[in-house]
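Here Swiss-Prot flags ASP11, SER61, ASP437, HIS438 as Mn(2+) 2 binding site, drawing on sequence analysis. As annotated by Swiss-Prot, active site, phosphoserine intermediate applies to SER61. Positions annotated as substrate binding site by Swiss-Prot, on the basis of sequence analysis: HIS122, ARG152, ASP153, ARG183, ARG189, ARG255, ASN256, ASP257, ARG258, LYS329. Sequence annotations record features per position, and here Swiss-Prot assigns Mn(2+) 1 binding site to ASP396, HIS400, HIS455 based on sequence analysis.
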Amino acid sequence: MSKKALLMILDGWGIGDQGKDDVIFNTPTPYWDSLLANYPHSELQASGENVGLPDGQMGNSEVGHLNIGAGRIVYQDLVKINRACADNSIMKNPEIVSAFSYAKENGKNIHFMGLTSNGGVHSSFDHLFKLCDISKEYGIENTFIHCFMDGRDTDPKSGKGFIEQLTAHCEKSAGKIASIVGRFYAMDRDKRWERVKEAYDLLVEGKGKQATDMVQAMQESYDEGVTDEFIKPINNSTVDGTIKEGDVVIFFNYRNDRAKELTVVLTQQDMPEQGMHTIPGLQFYCMTPYDASFKGVHILFDKENVQNTLGEYLAANGKTQLHIAETEKYAHVTFFFNGGRETPYDAEERILVPSPKVATYDLKPEMSAYEVKDKLVEAIKTQKFDFIVVNYANGDMVGHTGIYDAIEKAVKAIDECVKDTVEAAKANDYEVIIIADHGNADHALNEDGTPNTAHSLNPVPFVYVTENKNAKVENGVLADVAPSILHILGMPQPADMTGRDLIK
C-alpha cells in the first residue's frame, strides 16, 4: 500500500554517548523522546568507508546528502585513487598507460607536480610514491618532481621531513626532486597571477634560489623565518628538470580548486602581460577533472556520474517532489541530493528560506528553522507532493560554534519543529523517515572540557513514523535511505541503487 513520503534530515544530529558532551541527550526533547518510544528506529553509519570516505574520516554534509540521494555508496576521489594504487589497477588505467608509454617511446621527460604533504586535503603522498614506482617500472630515466610545500593542512615546518621521505623513496624507486616552492605561489585560487608567475618561472625556466641539496635548502628557508606555505622558489641546480615542449606532466592534486590556475597558464591561456605562455605539445594529465572548460588535458580519474538518484528516478516515474531548506543547507538538499545536478527535475519544486544574517549562529540558535517548518507544513497540507525532503540545519551549524548553551537552544527548536512537521505529515497521509547526515551536536565537548566544533564519528538515527504497528527497521548506512523511501512510495528499486530497504 503506497503512501506519500517525507524525509527529514536533522543536520548534525548524531547518536552520542549520553555523556556530558552529548547536548542532544542532555537537552529536554519531549517530542523526539516520544518518537523513539512509539515508532521503530535504528542506526545508520555516516562516516568513513560507509559513505565512500577513507576509514575513520568523519562524514560531512556534502558527502552525506550525496549518499542519501544516490541510494548507493558514492566513493570520493581520494578513496577511488587509493584503491587503484592499493590493488595496482592504476597500472591498467588507460591514461596512465598513455602518459608513461608516450614518455618512454618519445624519449621525453616526465614531471610530477603537486602538494607534497600528508595533509590529505588536496593530494596524497602515497599517490606520488606510486607514480615514482610506475616510472621505475617503465624505466623512464628523466623523472622530475616539483614539490609544492604545504604548511596549511600540515604543520608549518613539516615540509623538510616530507622532502627527506620523498628523497629516500626516490633512491629506491625513480625520480629526482627538480624544484620546491610554497603553495602560496603554486596553488593560488584568487587570480593573483603575480604569485603564480613565481611558480611558473621556476617550473619552466628554473628561476629561483639555486641549490644542490634540497633538504638543506628547506632548512635555510626556515632559518630565514620562511615556512612551508611561503617557501620561495628553489631550483635543483644538479639537474635540468624544467618543463619543455612535448614533455609529460602529471599534476597529482585530486582537489581541483587550487590546481586550476597553474594548469591554465601551462596549458590553456597565454598571459603575455604576465610573461606566461602555454607550452607547445605538452602532454598534461590532471588527477581529476579540474575544470569542464579545459581543452586538451587528460584526466586520470574522471568523476563518477551518479545516474538514477532518488530525485531523477521519481521524476522519470511522474512523481512530484519538494526540496526545502534554509540557505546554509539548500545546496545539500538540491545539488548534492540530486547527485551533483544544479537544475531541478520535472515536477520538482524547491523552497529556499534565507538563513539569518548574523556573524555566528550562536547569536540566533533557532536560525530559520521555524520559517522552514511553517513553509513545509503549508506544502504538506496541499498534498500535492509525493515526496518531500527537508533539512533542518541547526544541529550542525550551531554545533560548529562549540557554544554549549546555544546548541541546547538549537536542539529545543528542532524538537518543536519536528513535532509540528510530523503531526502535519501524519494528518495528510505521509509516512516520515527522520535521519541525520552526520553527527555534531551529539559531541560538543572534548575530553578536557574544551569546545568541540567538529563533526562526530557517531552513527545517526533512522526513525520510521508509520501507522503500521508491525513495521520493523534494520541498521544500515546513509545509502539505504533512498531504497527505504521507495518502499513507502510502493516503487521498485532501480538496479543503480545498491543500498538496501531497511523497512521490514
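Cβ atoms are placed via backbone N, Cα and C, with glycine included.
Projection of Swiss-Prot feature records onto the structure.
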residue: ASP11; record: Mn(2+) 2 binding site; contacts (Cβ under 8 Å, 6+ apart): SER61, LYS329, HIS332, ASN391, TYR392, ALA393, ASN394, GLY395, ASP396, MET397, ALA436, ASP437, HIS438, ASN440
residue: HIS122; record: substrate binding site; contacts (Cβ under 8 Å, 6+ apart): GLY114, LEU115, ASP153, MET187, ASN253, TYR254, ARG255, ARG258, ALA259
residue: ARG189; record: substrate binding site; contacts (Cβ under 8 Å, 6+ apart): ASP257, ARG258, LYS260, GLU261
residue: ASN256; record: substrate binding site; contacts (Cβ under 8 Å, 6+ apart): THR288, PRO289, TYR290, ASP291
residue: HIS400; record: Mn(2+) 1 binding site; contacts (Cβ under 8 Å, 6+ apart): TYR361, ASN440, THR453
residue: HIS455; record: Mn(2+) 1 binding site; contacts (Cβ under 8 Å, 6+ apart): GLY12, SER47, MET58, GLY59, ASN60, ASP396, HIS438, GLY439, ASN440
**OP:** Please work out the number of neighbouring Cβ atoms within 10 Å of the Cβ of ASP437 (Mn(2+) 2 binding site), leaving out its own Cβ.
**Re:** 34
Original post:
Can you list the residues of the same chain, besides ASP11, SER61, ASP437, HIS438, whose Cβ falls within 8 Å of the Mn(2+) 2 site's Cβ centroid?
Top reply: ILE9, GLY12, ALA46, GLY59, ASN60, GLY64, HIS65, LYS329, HIS332, ASP396, ALA436, ASN440, HIS455
**OP:** For ASP153 (substrate binding site), list the number of other Cβ atoms lying within 10 Å of its Cβ atom.
**Re:** 16
Original post:
Which whole number of Å gives the largest C-alpha distance between any two of HIS122, ARG152, ASP153, ARG183, ARG189, ARG255, ASN256, ASP257, ARG258, LYS329, the residues noted as binding substrate?
Top reply: 31
**OP:** Using all protein chains in view, find how many other C-beta atoms are within 10 Å of the C-beta of ARG258 (substrate binding site).
**Re:** 21
Subject >> Per DSSP, three-state class assigned to HIS438 (Mn(2+) 2 binding site) >> reply: coil
**OP:** May I have the list of same-chain residues other than ASP396, HIS400, HIS455 whose Cβ is within 8 Å of the Cβ centroid of the recorded Mn(2+) 1 site, in sequence order?
**Re:** ASP11, GLY12, SER61, GLY395, MET397, GLY399, HIS438, ASN440, ALA441, THR453, ALA454
Original post:
According to DSSP, which kind of secondary structure is ARG258 (substrate binding site) found in, if we only use helix, strand and coil?
Top reply: coil
